[in-house]
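Visitor: Quick paste of what TrEMBL says about this protein:
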- 12-30: transmembrane segment (TRANSMEM)
- 20-495: domain 'Major facilitator superfamily (MFS) profile' (DOMAIN)
- 100-123: transmembrane segment (TRANSMEM)
- 130-152: transmembrane segment (TRANSMEM)
- 158-180: transmembrane segment (TRANSMEM)
- 192-212: transmembrane segment (TRANSMEM)
- 308-331: transmembrane segment (TRANSMEM)
- 343-366: transmembrane segment (TRANSMEM)
- 373-393: transmembrane segment (TRANSMEM)
- 405-429: transmembrane segment (TRANSMEM)
- 441-465: transmembrane segment (TRANSMEM)
- 471-489: transmembrane segment (TRANSMEM)
Amino acid sequence: MGPGEGSGGGRCTWPLLLAVFTVSFGLWFADGYVSVVMNGPQSLIVRWIRTVHCAKYTLKNSTLLNNASLQDGEIYLWCRHIAPEDEPTMLSENLQLNTLWALCSSINNVGWLLSIFVTMPLLRAFGLKGALLVDGGLYIAFNLVFALATFLHSYEMFVIGKLLLGFTGGTCMVLVPTYVSEITPVKLRGNLGTIPMVFMVLGMICATALGFPQALGNEDGWRYLMGLSVLPPALMLLVLPFCPDSPRRLYIEKKEREGARKALLWLRRSDNVQQELASMQIELERQTHHQQLTIFGIFRHRRLRSTIGLCLVVMVARQFSGYAVICNYSTAIFEEVGLQRQGALLATLGLWCVSLVGTLSSLILVDRAGRKRLLLIGQAGLIVSHALFVALAALKKEGHGWTEYGSVACLLAVLVFYQTGLSMIAYILPAELFTQEARSAAMSLATGCAAACAITTTFLFPVLQSLLQEYTYLIFVAVLIATFSFLALKLPETKGKTTNEIQDMLDAKWVDVKLNKK
């Protein structure tokens, strides 16, 4: 352990857990809930879009629907009655409806991408804790837009609400890991850094369970299902004001040394915080820019440019793991491999439960096995799981009924390997590899990369799947093989190292690179 970090501050105290749990539940639980809440009641939402479109843009004369000459027209396409057994073809036969559904599913990623341009100004204006409170308030407002759209019969408002939720979700992807990293001692940084993902998966489990027809996933309840995610941020707004701001941010950015000391005393429940304060002083003295770097500022510095490249490759691997696709389309995927609707919903719930096990495994292993080892093990497992899924899906087409169980097992394996490796480490690394002056910009860039990749995968997946079918998953395999090879050679291990030790290691690697070029 390097100078200044850790002694007397390596314990897990209840105030520290309160702060970590508050922001993780308030924003990441809500974001996990929203990311899959449309999955269970998919057919109900698609029917609602058809009904709204029919009422707004087509004639309501039922006699026209019986006119054979119009059966190929827009009225027949949007307004004819569809029996439950014909629901699987509802999207495939209506390209515009399919596009609207894909837009509803993926538009949040556009908001996620746009958030990178607002996160830094938000931090400068309100500070880290203040930005978390603002984000929580916006989350509640935007969720109300999203939920009320269903009662106001406006799918345009529904899409806008999902876009705005993606905006606040993207912001919290930067703010929460940064806050957790900056209030946590070195020994616990990996363990507690995984807590937000635990809450995100719990949000997914909650949304999936409530999405069953026996709960709220029915004609009467699905509209209320869309609005329940206002509760976690509302609770956060009540509790977070009693938690301190980041001690590192208070000391290094605001120069409030007494405020940083008081925050550490509250978090550590110990008077022995001098070493952590000394470490912050060392980091402050070695800063080269003496102010917060912008996103573009990182690219002007060659060593920082190299470091952010590592983080972006990890994020590309994360987003091309197939996880985002499973989040948005898991129920439909299970139906395609042969499961009935109820079985597909149960399998989806099983996915998130297994995902929780993988996340808890990561929480235990990340500070024991190390970031790099877990990352590479997770990617190797994902490559094998996707390849087997493609093989089993191809066999299913040839009439081998047993393969549907193997396909479910492969998707379960995808979730386990994803949560064990790529899931949270992709957000831990930018917080560890950068100092205070560049950390927020690095987290914003990583989040922007994640959003761009998520837009690509979730929006194009339905289109590519209609063309390539099961072989679509080979795209994930190719990207994972490429990123695995790069990270195995280039990524350093940060386990157990202080911020200053990590910077010394990166500086040494950069010097070696320059010498080799000469």
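Just so you know, glycine gets a Cβ as well, placed from its N, Cα and C.
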Visitor: Need a quick answer: max count of Cβ pairs under 8 Å to the transmembrane segment (308-331), which of 12-30, 158-180, 471-489 is it?
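Guide: Selected stretch: 471-489, with the most Cβ pairs under 8 Å.
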Visitor: Quickly jot the same-chain residues contacting the transmembrane segment (405-429) by Cβ under 8 Å, restricted to those at least six beyond its ends, or write none.
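Guide: Sequence-remote neighbours of the transmembrane segment (405-429) are 173, 177, 181, 189-190, 193-194, 196-197, 201, 310-311, 314-315, 317-318, 321-323, 326, 330, 333-334, 337-339, 347, 350-352, 354-359, 361-362, 365-366, 371, 374-382, 384-386, 388-389, 392-393, 396, 443, 446, 450, 494.
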Visitor: Any residues 6+ beyond the ends of the transmembrane segment (441-465) with a Cβ under 8 Å from its own?
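Guide: Same-chain contacts beyond the ends: 91, 98, 101-103, 105-106, 109-110, 112-113, 115-116, 119-120, 166, 170, 173-174, 177-178, 292-295, 297-298, 304, 307-308, 311-312, 315-316, 318-320, 322, 324-325, 328-329, 426-427, 430-431, 433-434, 472, 475.
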Visitor: Check the transmembrane segment (158-180) against each of 12-30, 100-123, 130-152, 192-212, 471-489 and return whichever range has the most CB pairs under 8 Å.
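Guide: Result: 100-123.
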Visitor: Please figure out which one of 12-30, 100-123, 192-212, 471-489 racks up the most CB pairs under 8 Å against the transmembrane segment (130-152).
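Guide: Per the Cβ count, the answer is 12-30.
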Visitor: Which residues of the same chain, at least 6 past either end of the transmembrane segment (471-489), have a Cβ under 8 Å from a Cβ in it?
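Guide: Distant Cβ neighbours of the transmembrane segment (471-489) are 310, 313-314, 316-317, 320-322, 372, 375-376, 379-380, 382-383, 386-387, 389-390, 461, 464-465.
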